[in-house]
Amino acid sequence: MPELDNYDARSTPIRPPRSKPPSIDRTSNGSEWEGLRTPPARHSLPATPRQQTADHSPPRPSSQLTQPRTPTRIPLPLSPGPEQPRTPSRTPPRPSRELPSPPRPPKTPASPGSYLESHLQPNAIGSSSHSLTPSEGEDADSFHVRNTYAELDTTGVSGDGFEEGVERTRARVSGQRAIELKAAEAIAKEQERSRDISAKEAELLASLDRYGFFVVPSHDRLVLLPTATLNKPLTRITSAVTNGPPSPPHLPSLPNLSPSPKENSRIAKWGRMLEPETRDEGGNIDTWRVNPSKERKLRKRIYKGIPDRWRIATWELLVRRFAGATKRDDAKMKAEYREALENPSTYDVQIDLDVPRTINGHILFRTRYGLGQRSLFHVLHSFSLRCSECGYCQGMGPLAATLLSYFEPERVYATLVHLHDAYSMHSIFRPGFPGLLEAIYVQERITERMMPEIFASFKKHTISTTSYATKWYITLFANSVPFQTQLRLWDAFLLDGRDVFVVMAVAVVWVFRDHLASSQASFETILSLLSSFFVPEDEDTLMRWIEKVLEDKKLRDDMRKWREEWNTLVAQGKEVDALL
């Protein structure tokens, strides 16, 4: 993923536009990767009802964001779900009273191909028939990209998951014939799909961490979120310590985070709390629901941590609840996804450029044009056609990649649609980023009320919240916390919505308030600290703190009021001076 924490935080921050943002007319796309937006290809197609265009630029920082070096950490799930609901075998359905056993981790497969294919699309190889002919008026480069992914769905690629792979789409544009020939040699052969893994490949598999990464990425600024500060509730603090150091000590390396010692007992509890809701025609569990007698325990257990084995079922359940979606809605969106694969997108060239840099070091996305990268391209391609106003921007990549590590592409597309429509991600990705600016306004109001000296310090040193918090809200804290922590935040987000990330942002400021208010603090030290990679000393303590803040009914009411206040300022054209 193009990482957002390497850009120049000292540049002029994003500012809201001085005029009232245009209404949501679904007729615009964005401008170049200024403010995280990606343009359509140079040669645009004629506008369609779902892909109209208009010049609609977001507020820009004065310097562009740099490209990433640190990958988003994406999990390799311990199983496809509490039970594999999409297995085609026709087994007798279980009686509804029978509690399903928690799933077991998958066995090491016989080959790299089967290792990846069984994870995402069991029938991906040899099943593609889309994108083999250009659409009328489709740009040649765009079709070459789309066609390449379609053909590789049929053939596969050599060493999927173990090798880096070779470039194909950029080779055509640059005319590097030698690379094209090398690419042709790398097409997966039939015998490779059935061979046993080599000793070297087995060694690589054994080196994966619990989420499927080969190497834990390093970070320049690694700091600890201490438990002691988070043990104190969020209350108004009128005076801060000013004689302390401006920065906390840096951690030498990322700690090896392990599962909670209570993981096994929680697996059993979740097995009693969730029960099958619907089954497919083969009797396999399709959707889950909460046992009515356990409903009151759901919230507490989510903040305590969803066991890895139950995360697929729980995320699906939470999204359906929050969005009010039915099984028919999801079936419709899955059909929409497949239909969109047949249609060209003016964003295809840019999506293709972004796919290989969205994830690094994860077995699912390691190989160029491997199953993971192809699935990521297909999802982003289809989603770019869903909303003509949002189109495609690079912030969508880490969301799709995270979901792909748990769900098949059709389900990922449907989930992205729910995030866009029900979880207000539309306002985050719209030109002008109104949802981002609204969240920052709410964050600043909480800071001003609860930590007035910190707010004053930010003013004194001309620290704009957009200069450090933009990446938090655009990527939902990817690349800012360990992936295990990010998963916990997503658990809460899918339950409680966007306020979770505002409170997490406040938590970071709360923890480091003495450093931020230090008499030795400066513009550079403050931005350096708030641009760090944050490692919670204890995740449970962090999540309890967030839970308690969100349970404060008065604060939640005020957060809603501040959101309305921001929208009023925007309507009156007064939002320019409303942010730090």
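Placement of Cβ uses the backbone N, Cα and C atoms for every residue, glycine included.
Features reported for this protein in TrEMBL:
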type	residues	note
REGION	1-140	region 'Disordered'
COMPBIAS	77-109	compositional bias 'Pro residues'
COMPBIAS	120-134	compositional bias 'Polar residues'
REGION	242-263	region 'Disordered'
DOMAIN	305-497	domain 'Rab-GAP TBC'
For the region 'Disordered' (242-263), distant same-chain residues with Cβ under 8 A (at least six beyond the ends): 210, 216-219, 221-224, 304-305, 307-308, 482, 484-485, 512, 514-515, 517-522, 525-526, 528-529, 533, 535, 540
Structural state census, the region 'Disordered' (242-263) (DSSP three-state): 1 helix, 1 strand, 20 coil
Overall pLDDT for the domain 'Rab-GAP TBC' (305-497), taken as the rounded mean: 94
